[in-house]
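Following: one structure in structure tokens, then a few remarks.
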Amino acid sequence: MNPSLRRSRPFSGHIRRRRSISTTPNLNNQENDKSFIATLNEIVRSKRSWNIALNSTISARLKPHHVEQILLQTLDDSRLALRFFNFLGLHKSFDHSTASFCILIHSLVQSNLYWPATSLLQTLLQRKVNPRFVFENLLDTYKSFNFGHTLGFDLLTQNYVQDKRVMDSVLIVRLMMEHSLVPEVRTLSTVLNGLIRVRRFDLVLQLFDKAVNWGVKPDEYIYTAVLKSLCELKDFEKAKEMMNWVERNGSKLSIILYNILIHGLCKGGRVWEAVEIKNLLGCKGLTADTVTYCSLILGLCKVNEFQLARTLVDEMLGLFLVPREAVVSSVVDGLRREGDCVAAYRLIDMTGKVGVVPNLFVYNALLNSLCKDGNLDEAESLFDRMEDKGLCPNSVTYSIMIDSFCKQGRLDAAVILYNRMLDNKVELTIYPYNSLVNGYCKAGKCSAAESIFNEMIDKGLTPTVVTYTSLIDGYCKERDVQKAFRLYHEMTGKGISPNTFTFTALISGFCRARMMVEASKLFDEMVKMNVTPNEVTYNVLIEGHCKDGNTVRAFELLDEMVKKGLIPDTYTYRSLITGLCAKGRVSEAKEFVDDLQNHHHYLNEMCFSALLHGYCKEGRLKDALTTTDEMAEKGINMDLVCYGILISGTLKHHDMKYLLNILKEMHDQGMKPDEVIYTSMLNAYGKVRDLKKAFRCWDIMVSEGCFPNIVTYTVMINNLCKAGLLDKAEIFYKEMLARGLLPNQFTYSCFLDYLAGEGYMVEAKQLHDAMLKGCLANAVTYNIIIRGLCRLDQIQEAMDILLEMKDSGISPDCVSYTTIIYEFCRRGDLLGARGLWESMLTNGLKPDAVAYNLLIYGCCIAGEMSKAFELRDEMIRSGLKVTHATYASLIHGT
């Protein structure tokens, strides 16, 4: 500090003698002291070594008042006085009096030696002497020896502020004013700003008022302190008055003062007043600077005016002003939270050109929002440019991007990013692993998901309920419920509690596998464990019971769901409508739909499509068309699924008039049949062997730009094979290959069925062997071969196929056994039929009604009626319906 302080006027009051420098009544002592002081003075001013001259005798006699006198006698050479003072302290460990300090400080100030004076004050303050005592000593020496400057008091005040003893500095200023000593403007400014640092805004205003009354003319720094204090106290009206007073007094206006007022108003939520002040700056000859804009932008963000804040950022950039990182971060995050991620992305792009980017937290939040909004390209672009902008992606950044890639099915990109994360030695967390596990499971690659799972454990990370739930859900969707259930037990065995999603995934898996008993037990276990089922849980279970034909339980669950405060949705209603229609209770389904609408429950086109399907299945096309009219009245638009159901219904019942009307209506609605509808039409024409219409339909489909898929080709190939037109079927097969569509097991089964049906068993077996090598063979394809052999009376070869199936890892089904059983029965070989029946039961297969009827028929032919009736009773106990064929066999046998 090298203060360019003005010289204060000398003290003009009564001069009183300093108490610490008193006369001694003993004249001899006085004379001795004078002689001793003279000796000291001669030593100090001589060129002799002080260390030698001030021998032990002199040093022992030396007292503080002696040093005071020497300091007074060397006022003409302050540097010499300082050297002597320091020598005594450093080399003689002399304890100087406070008065000595004060004399020397005044002396140094008078000689314009401010730095040494400041250093001396700092030493004095380290003694932790009472500030009032220090002031009194400084005042006594000032008055007693007529020092011409009051600058020592200013330095004392400033040093108290620097020593973080602001309240002591306030005391000194007040004592100065009490003794008519006016502090320097800089001193007052230092104290006021020190008070602001300790948030004593009230004292700032008190000292300011007192200083102004004393005639102090404030400078910019003092005004700054006062304005800050008024704003912190939220006294904005007085703050504005202060600015008006500054303007009226002709003081030099500064953008700094306006920035303080603008910042205060913004902080206090009065942003629009701040904007108005900024707009009037030009009239005052001032220009808004970076601080002005930054304060306003942050203030606007505080009141959620992000679009205007973005406009001010644009204005800043246009003026070549660079916003701070915090400003860009606030605006970007605000735009993101407002849902305008595109604007946030563009703002980052613009500010990035001047080297300013949001902080990592905001950057991650924007990346997350862009990914959630489906703007993955923009997110990738931001991520790729992070390191160029000086930001290092952290574990959160990588987790966001990996999760987004996984959700979009871009697993290769996710793995690349995962490896990059490992290479950069980013802190490993569970989140990217959970995303990868979930991504692979969603893609139907549970084995790859399990590899990631094991790798995660190897790296010391503990799987969570989310990890296990993803795997369980994946295996359930692959219909490997047993593996999913094992994982469930593994998870609970480790003390990880399943949540609603875990139970829902498992219940869904059991429902898909038609294991409703297990699904219901798990649901009960879920409730016992105080895990609350949600709407999805109930929807899955309701759909499962509906597909199982148990609509009574499904409706019970609906009532239970409503009682628990859960709201059924269109998914719930669609399952129930489909369930009723599947049971042939279409009229009840219609009543249910009407009741829902009367109670103002929303139904979508999928709910109505279930009802339409029920009507079409029963051949009630007029009711179906009436339902479409009701949909139109309710403002529910028909979609392609609804039209596809109607078209399928009309084709099934050969109602060409309705078909044309439906196609016309689709055309009027601006819709064209898709490949599913065309495939349905081709299949219907094929079933009635109307290949002429099938070919015409194919041509229309292609001409409208609707390209056949593998199912469409397979249907057409099947139609041609059944019609015996193998050569034309082969043409379609080659065309399919040329278009890059790979035939599946159903496509090959069409040719296989034709060859077996025509008795070309050598060719059929060759084709089947090729299918087996290509992993396209299954129980159905083996059954085709078995049926073909049985038709040729090659029953032993058919039996051999059963063994071959097991060797190939394909389990024979009920049809496989039933086909051969029928041949044994037809031959009258009941022993062979019953042997095969026992084999079927041993392999855990449950005979269906057809199997029972065939064996009953065989028993009747062989005259074993008691066995036939036993089978009939067993059939009833199994829950199977006794059909007309059963009774016909029994009657014929008796």
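Placement of Cβ uses the backbone N, Cα and C atoms for every residue, glycine included.
Record features, source TrEMBL:
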{"type": "REPEAT", "residues": "184-218", "note": "repeat 'PPR'"}
{"type": "REPEAT", "residues": "254-288", "note": "repeat 'PPR'"}
{"type": "REPEAT", "residues": "289-323", "note": "repeat 'PPR'"}
{"type": "REPEAT", "residues": "359-393", "note": "repeat 'PPR'"}
{"type": "REPEAT", "residues": "394-428", "note": "repeat 'PPR'"}
{"type": "REPEAT", "residues": "429-463", "note": "repeat 'PPR'"}
{"type": "REPEAT", "residues": "464-498", "note": "repeat 'PPR'"}
{"type": "REPEAT", "residues": "569-603", "note": "repeat 'PPR'"}
{"type": "REPEAT", "residues": "604-638", "note": "repeat 'PPR'"}
{"type": "REPEAT", "residues": "639-673", "note": "repeat 'PPR'"}
{"type": "REPEAT", "residues": "674-708", "note": "repeat 'PPR'"}
{"type": "REPEAT", "residues": "848-882", "note": "repeat 'PPR'"}
DSSP composition of the repeat 'PPR' (429-463), residue counts helix/strand/coil, works out to 26 helix, 0 strand, 9 coil
Cβ under 8 Å to the repeat 'PPR' (569-603), counting only same-chain residues 6 or more beyond its ends: which ones?
-> 535, 538-539, 542-543, 545-547, 549, 551, 554-555, 558, 561, 609-611, 613-615, 617-618, 620, 623, 627, 634, 636
Helix, strand and coil totals (DSSP H, G, I; E, B; other) for the repeat 'PPR' (604-638) = 26 helix, 0 strand, 9 coil
Averaged over the repeat 'PPR' (289-323), what pLDDT does the prediction give?
-> 88
Sequence-distant residues near the repeat 'PPR' (289-323) by C-beta distance (under 8 Å, 6 or more away from its ends) are 255, 258-259, 262-263, 265-267, 269, 271, 274-275, 278, 281, 330-331, 334-335, 338, 340, 343, 347, 350-351, 354-356
Which residues, given as numbers and ranges, are at least 6 beyond the ends of the repeat 'PPR' (639-673) yet have a Cβ under 8 Å from it?
-> 605-606, 608-609, 612-613, 615-617, 619, 621, 624-625, 628, 631, 680-681, 684-685, 688, 701, 704, 706
